[in-house]
Amino acid sequence: MTTIAERLHDAAARIAKAATVSGRNPDAISLLAVSKRKPLEDVVAALAAGQLAFGENYVQEGVEKIQALSAAHPGHKAQWHLIGPLQSNKTALVAEHFDWVQSLDRAKIAKRLDEQRPAHLKPIQICIQVNISGEQSKSGVSPDEVLALAAAISALPKLTLRGLMAIGSDAGPDTQHREFHAMKTLFDELKGRYPQVDTLSMGMSGDLEIAIMEGTTMVRLGTALFGARTN
Ligand SMILES: *Cc1c(COP(=O)(O)O)cnc(C)c1O
């Protein structure tokens with residue numbers, strides 16, 4: 001059986017190889033460990049192996065894990081990213097517990113997060129989720145809505161705009177290249193307007209090589225680190 005530490009090591013090697021093939025510096029690509037539907041002990045094992053950034057899809061599950069980790073390991077250095085859909089009635093929980101929201105897709109949600117972020121915490125780090133495949137089933141704004149939402153976010157003091165997030169479609173490598181390439185173009189435009197923007201979150205266990213070729217700065221890996229999600 002492979003351990004989580006070994007899988008983290010393998011993922012780092014996979015990222016480094018794809019970066020080298022693309023003529024990119026592997027250090028320019030960070031790894032988000034997606035622990036959704038996995039137990040706290042998996043997070044603790046990854047943390048012990050040096051992984052600090054964790055992604056959760058479901059607010060309630062994420063908050064329970066965040067609280068349990070803080071209770072069991074006070075002073076830990078883990079950072080928590082929400083990468084799943086966020087409804088208005090859950091924004092207070094997110095504002096109180098998460099470090100990042102990568103799935104922001106509405107100005108109304110941004111405003112609520114800003115109002116509800118406790119004063120003693122750093123601003124929430126924000127990525128706008130873009131529906132780059134245009135599929136109805138996917139969340140996110142359309143590419144032509146990005147700049148307006150970015151302007152709304154950057155007017156809010158308790159939010160810091162860091163970049164964009166997207167989920168590639170499963171329509172095959174040509175389509176994925178095209179989608180990720182379009183995301184990189186949007187990202188460069190956003191970076192030109194907002195100097196603090198540094199995060200292009202795209203690429204998962206099945207398509208990280210394509211995302212790295214197209215310029216991702218953060219890949220989000222669940223299955224490759226923690227195994228298949230069965231529940
Ligand atoms: C589940 C999920 C991931 C991780 O997917 P894997 O294919 O298991 O690596 C990444 N990003 C988002 C938004 C997800 O929902």
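Glycine residues also receive a Cβ, built from the backbone N, Cα and C atoms like all the rest.
Note: TrEMBL annotation is automatic and uncurated.
Listed in TrEMBL for this protein:
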- 31-229: domain 'Alanine racemase N-terminal' (DOMAIN)
- Lys36: N6-(pyridoxal phosphate)lysine (MOD_RES)
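The C-beta environment of Lys36 (N6-(pyridoxal phosphate)lysine), restricted to residues of the same chain at least 6 apart in sequence and closer than 8 Å, consists of Gly55, Glu56, Asn57, Tyr58, Glu61, Gly62, Gly84, Gly222, Arg229. Summed and averaged per residue, pLDDT over the domain 'Alanine racemase N-terminal' (31-229) gives 97.
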